[in-house]
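Asker: For reference, the structure I am asking about is given below.
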Amino acid sequence: MAQTSVLDWTVREVAEWLLKNGHGKYVKLFCDDHCIDGKALILLTESDIRNAPLSIQVMGDVKHLSASIRRLQLDNQQCLLSLGYDPGSFFSVPGSSSLGTNGLVHHYYSSSRNEGADLPLFMDSEQHHSTPPLSEDGRATKLQPEVWKALISLGYLFVVTWITAFVMVVVHDRVPDMKKYPPLPDIFLDNVPHIPWAFHMCEVTGTLLLFIWLIVLTFHKHRFILLRRFFALSGTVFLLRCVTMLITSLSVPGTHLQCNPRTLDSEVRKYGELWAKIQHAYIIWRGAGMSIQGVRTCGDYMFSGHTVALTMLNFFITEYTPRHLYFVHTFTWLLNMFGIFFILSAHEHYSIDVFVAFYITSRLFLYYHTLANNQALMQRDSNRTRVWFPLFSFFESSVDGIVPNEYESPVVPIRKLLIWIKECAWKFISPTVSELRQARRISNRRSEFKSE
């Protein structure tokens, strides 16, 4: 029975469970009279036990049965989810507001460990799929840096940035003729005059946000988890931007922009059109698409990449810094909003480009962190999560709650790295040292034998 899901239990297996947990006198009532199988058992509440048709009136028995069923529900929260029920609704304590769902789960698992009960905290995917315990405030109980995942997410972002740079070259050559297709009507652009230096100021604000984010990463204890989340989310948003840029080419938003397709020069005739596009893509990629780096492109309007970068940096800084740092949070939000204002004042994007960029970036950030912070939504064996959020399922498989904002000296990871390098080097060198020592001992024995 231990290898069978509760949902597959028959009436006979429910009878075995009742006997095992000391409720043998109710086997006839549950199994013979009311045909309660596993699916019905896991949905029972204390109210069901007290009231008709079960109508058990002995208070001690009611409490003991209720406790056993709650215990079963805690071990099989995924089964409740698959039936369309919220596990939290089964764990509320009547007349008590101080013990929430997470608190009850935490208390249950803690008491079980103290009593020496043989209860699985992390069930195998072929068993009951129970949720690992959370702390009382919902924080993760154990976090591993998993540097290799951060490296994979960095590789993902690297590939996406190259794809983005290449797509920007393609859409630049497809930009509509400014004489034939004038700028579209826009409430903001039609009422705010063009400010030539505004776009450079937008990139300066973005650079300042990046500097603050690097400081946070330097001192945050869980920096590698933050890095992989930042790389994964940024790569996903920019990959989506590649699709929207290719689908529709908007007309140039400002008459001051010089947006002409590239001319076919001798280089193109010598190496081919594809090679020329790759070279231009490298120039864009090397300069991170920034005008202060000498990069100038047109056609990449829907949606604004600068707004994505500003918003993503702002949200990550505010999420992973202490809540009492109101000055820092206010400052980053002001940088975010002023950066967007500078983009529009420079007439580099339509208002809809900026709005869509901010909305998509903020929603994706919030959806990702809602899933990561909620155990009921991030079950590792959930097929829906794997299909719709494959990157999330991979990167967050070992995170069981909210990542706390804990900080440490940047010297600590450097020291750990040096210790790891030393251990690896010793494992590599030690066999050679042992062989040399053994050879020396053999040589000494031979010399002693010859002297005798």
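We number each residue from 1, going along the chain as drawn.
Each residue, glycine too, has its Cβ placed from N, Cα and C.
Remember, predicted model here, so these are calculated numbers, not experimental data.
Okay, these came from TrEMBL:
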- 9-75: domain 'SAM' (DOMAIN)
- 150-171: transmembrane segment (TRANSMEM)
- 197-219: transmembrane segment (TRANSMEM)
- 231-252: transmembrane segment (TRANSMEM)
- 301-318: transmembrane segment (TRANSMEM)
- 325-344: transmembrane segment (TRANSMEM)
- 350-368: transmembrane segment (TRANSMEM)
Asker: Residue list, the transmembrane segment (231-252) vs rest of chain: Cβ under 8 Å, 6 or more residues beyond ends.
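Answerer: Residues 150, 153-154, 156-157, 159-161, 163-164, 167-168, 170-171, 174-176, 178, 181-184, 259, 298-303, 305, 308-309, 312, 350, 353, 356-357, 360-361, 364-365, 368, 391-392, 395.
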Asker: Averaged over the whole of the domain 'SAM' (9-75), what is the pLDDT?
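Answerer: That region's mean pLDDT is 89.
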Asker: In the domain 'SAM' (9-75), how many residues does DSSP assign to helix, to strand and to coil?
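Answerer: Split into helix, strand and coil, the domain 'SAM' (9-75) gives 46 helix, 0 strand, 21 coil.
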Asker: Would you mind listing the long-range same-chain contacts of the transmembrane segment (150-171), meaning Cβ under 8 Å and 6+ residues beyond its ends?
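Answerer: Apart from its flanks, the transmembrane segment (150-171) reaches 224-225, 227-229, 231-232, 234-236, 238-239, 241-242, 245-246, 249, 277-278, 280-282, 284-285, 289, 297-300, 305, 391, 395.
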